[in-house]
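One structure, as C-alpha cells, below. Some questions next.
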There are 2 protein chains.
Amino acid sequence: MARQISDLKLGILGGGQLGRMLIQEAINYNLTTLVLDPDAEAPCKNIANKFECGSITDYDTVYNFGKKADIITIEIEKVNIEALEQLEKEGKLVFPQPRVIRLIQDKGIQKQFFKENDIPTAPFQLVHGKEDILNSIISFPYILKQRKDGYDGKGVMRINGITDIDRAFEAPSLIEELVDFEKEIAVIVARNPNGDMRTFPMVEMEFNAEANLVEFLISPSTYPENIQQKAEKIAIQIATALNITGILAVEMFITRNGDILVNELAPRPHNSGHQTIEGNYVSQFDQHLRAIFNLPLGDTRTLANSVMVNLLGEKGHDGVAKYAGLEKVMSVDGVYIHLYGKKYTKPFRKMGHVTIVDQNREKAIEKARFVQDTLKVIS
Amino acid sequence: MARQISDLKLGILGGGQLGRMLIQEAINYNLTTLVLDPDAEAPCKNIANKFECGSITDYDTVYNFGKKADIITIEIEKVNIEALEQLEKEGKLVFPQPRVIRLIQDKGIQKQFFKENDIPTAPFQLVHGKEDILNSIISFPYILKQRKDGYDGKGVMRINGITDIDRAFEAPSLIEELVDFEKEIAVIVARNPNGDMRTFPMVEMEFNAEANLVEFLISPSTYPENIQQKAEKIAIQIATALNITGILAVEMFITRNGDILVNELAPRPHNSGHQTIEGNYVSQFDQHLRAIFNLPLGDTRTLANSVMVNLLGEKGHDGVAKYAGLEKVMSVDGVYIHLYGKKYTKPFRKMGHVTIVDQNREKAIEKARFVQDTLKVIS
C-alpha cells in the first residue's frame, strides 16, 4: 500500500490559532504535526507533536525545520519563500506552493495577477514612495496599502487628501480606488493536486471599523443565487489560474450596483471560514488537509445558519486574559466557544471566536449580537 | 472574577480514545490537560499538555497525579478509588464522584442499586464461584458477568447449559436472565453540580456478535416517541438517584413486548455517544466538560441523522496499522474519520470510528454499510 496520511509528518509554518485549529482536525487522521513559530508561547505549543521555537522568515531555520517533515504547509504568508523553494526542489511537498505564497505575499503582484487574468478588482497603481503617491492619477479619497507584511488591517490606510500623504508608508505600496461597496463577502475554495475543486457557500462579513478586523460573519449569504454563483465562479477562476494546492480564501466586495470586485487572497485557512467547523459538513481545516494530502474533498454545504463573532481583546485591557460573561453566553443553545490559548490579551488581539448555529438565520444573528455584547476579554 | 475554566488544570485518568476526544474539545476552552495512563504510547500522549506514564490503579501514582490537577475526571472506570476519595477529602473536585465510580465498577452493586431504586433491569443473582452458579435458581440459558473489570465484551459469557459452567469465571460474578431483546439502545444524560440535566436523544446500537462490541450506531432512534421518552426518563431517574456530576451513558434493552430494561452504566463519555461530535449541536465530550466545570449544559438536539461505525482491527492482522480504503470512504459526502492514534492493530482492537451524517436516515445507513465494507484496519 502507498504511504498514507497517517504515516506522514506535517510541518506547519506558524503556530497561531489557524495552526491550532488545523491540528485539532489533524488529530482525527493520526497526523504527526511539527510546528515552527517564533513565539515560545504560541497557541500550538502544547498540542503539536513537536513544537519548535524559531523564526519563520529565516532561511536556515525554515529549511532545517522543513527537512524533518514530509509535507509542509503554512498558516501565515510571511514565511521564508527561498527555503520553501529549496525544500520543494529537494522533493518535499510544499502546499500551497512557494510560487503561490510569493505571489500572494506581495499585494502589488497579486493585483497584477488579477489584471492579467481578467479577475475583476478595483483600479490600482503601484507606488514606490511619497513622491510617486503625490503624482498618482487616482483621485482622493483612496486606499494606500503596503505591498508586503500587512495583515488584519495593519499596513492599510485611507488617504483622504494631500495632507494624509505625510503619514504614508515608506515601503513599496499600492494605491487603490476606494470601492463604494455594499458588503464584503468571501468564498473559500479548495483544490487538490488532482485538480478537484469545491467552494464553500459565500459568506457575508461585517468589519470593526476601528480595528479593521472581521468582527462578525454570516453563513450562508442571502444574496441572490446569481450573485453567489458569480462569486464562486471567480474563486474557482483564481484557484485554477494559480494552480494552487490547498485552500484559498477569496475576499471580495459587492458594489452598490451589484458588481463583484476581488479584494485580496489568503492561500490558507482564513478567518472567514471559522464558522465551517460547526456550520458546514466539512470544515475549512479538514478541507485544507484533504487538499494538501490529495484526498477527496469534503462536502462544503451548510448544516444550518451560522454566525461567527471574533473575540477581540477589549480596549484598555493589557495583561493575563479573563473571559467575562463566558457562562452567560454558554447558556445560549448553539453557541460554540473557541479560545486560542493565548495567555495575554491586548486591545483588539484575536483571543478566540464564537460560532452560533441556528436553523433560523435571524435567531442566529440575534444570539450573535448577545454574544458580542456579553462576552468580553479583559485583564 | 471567580476562577475560570481556562485557569484550571484538568487531570484525566486514562489516556485512550475517550481522553483524546475529550482533549480535542478541551482545547477550545484553553484548558490545561494532564493525563495519566500506563501505556507510554497511549492515544493522548502527544496532545495532552502533560502526559504521565503510570498506573491508574495504584494508590500513590493516582494520588500524586491528582495533586497536580484542580479537577479530576476519568475516561475508564478501572481506577484507584481510594486515592480519588482522599483527593476529594483534600478538596479536589473529582467528577464523576468516587462513590459513583465505586458503585459502577462493580456490576453486582450496580444491579442492586437498580433494584433498590426501582430501575427496571433483568432479574439477577450474585454468585461467588462455580458452586454458587450450579445452585442458581435462574434457568438456562443465562448470562454470566464478572462483577469487576469487564469491558467491551470481556468478562461476559453466555451459559447455555451445565457443561458451560466449567468455563465460568472464578471471580465474584452475577447471573442474569437472558433478555429476549429487540434492540439495544442508549441514552446519555448530563448533570452538573447545579442539578441541571439534559439527555441526548436515544440511539440504537448494533453489536458485532463475535466481538460483542458496538459496531454500528444510529442516531436518533425511530422508536415511537413514548418509548424514547420512557428511556430518557429512566436515564434522568438514574442520574438523579446517583446525584452524579458529569455524563452518564445508560445502555438499555427494548424487549419484544416494548419494555425497557437497563443493562449497564458508564459514568463518562461512551462509545454510544461518538456520533454527537458531528451529529448533534453539542458533543458528549463538550457536555462532559460543561457538566464537571458546572457550566450551562449544551443543546443535545441532533443536527441530522448520523450513523457511527467502529473501526475494529481486522481479524488475522497484528502489527503496525494501515487503513485500507480510507480514500474511497472519504470520497463519500458526510463521512468523518476519527483515528485514535494507535500505532499497532490487533483483531477487534478499537482503532478509530467513522461518523456518517446525512439528512436522510436511509442514505446515512447505506453509506455506513459502504464504510463498513470498504474501510479495513490491516497490518
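Note that Cβ sites are derived from N, Cα and C of the backbone, with glycine treated the same way.
Feature annotation from TrEMBL assigns ATP binding site to B:LYS107, B:LYS145, B:GLU176, B:GLU177, B:LEU178, B:VAL179, B:GLU184, B:ASN263, B:GLU264. Among the features that TrEMBL reports, domain 'ATP-grasp' is placed at B:111-293.
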Near B:GLU264 (ATP binding site), which residues of its chain come within a Cβ-Cβ distance under 8 Å, counting only those 6 or more away in sequence?
B:LYS107, B:GLN110, B:GLU251
The record names B:LYS107, B:LYS145, B:GLU176, B:GLU177, B:LEU178, B:VAL179, B:GLU184, B:ASN263, B:GLU264 as the residues that bind ATP; what is their largest Cα to Cα distance in Å?
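Of all Cα pairs among the recorded ATP binders, the widest measures 18 Å.
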With H, G and I counted as helix, E and B as strand and the rest as coil, say where DSSP puts B:LEU178 (ATP binding site).
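Where B:LEU178 (ATP binding site) sits, the three-state DSSP reduction gives coil.
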Can you name the residues of this chain that are 6 or more positions from B:GLU176 (ATP binding site) yet have a C-beta less than 8 Å from its C-beta?
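Correct list: B:LYS111, B:ALA122, B:PRO123, B:PHE124, B:ILE138, B:TYR142, B:ILE143, B:LEU144, B:LYS145.
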Which value does the mean pLDDT take for the domain 'ATP-grasp' (B:111-293) in this predicted structure?
92
What is the total of other Cβ atoms whose distance to the Cβ of B:GLU184 (ATP binding site) is within 10 Å?
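That number is 19.
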Under 8 Å between C-beta atoms and at least six apart in sequence, can you list the same-chain neighbours of B:LEU178 (ATP binding site), or say none if there are none?
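Once residues fewer than 6 apart are set aside, B:LEU178 (ATP binding site) is near B:ALA122, B:PRO141, B:TYR142, B:ILE143, B:ARG158.
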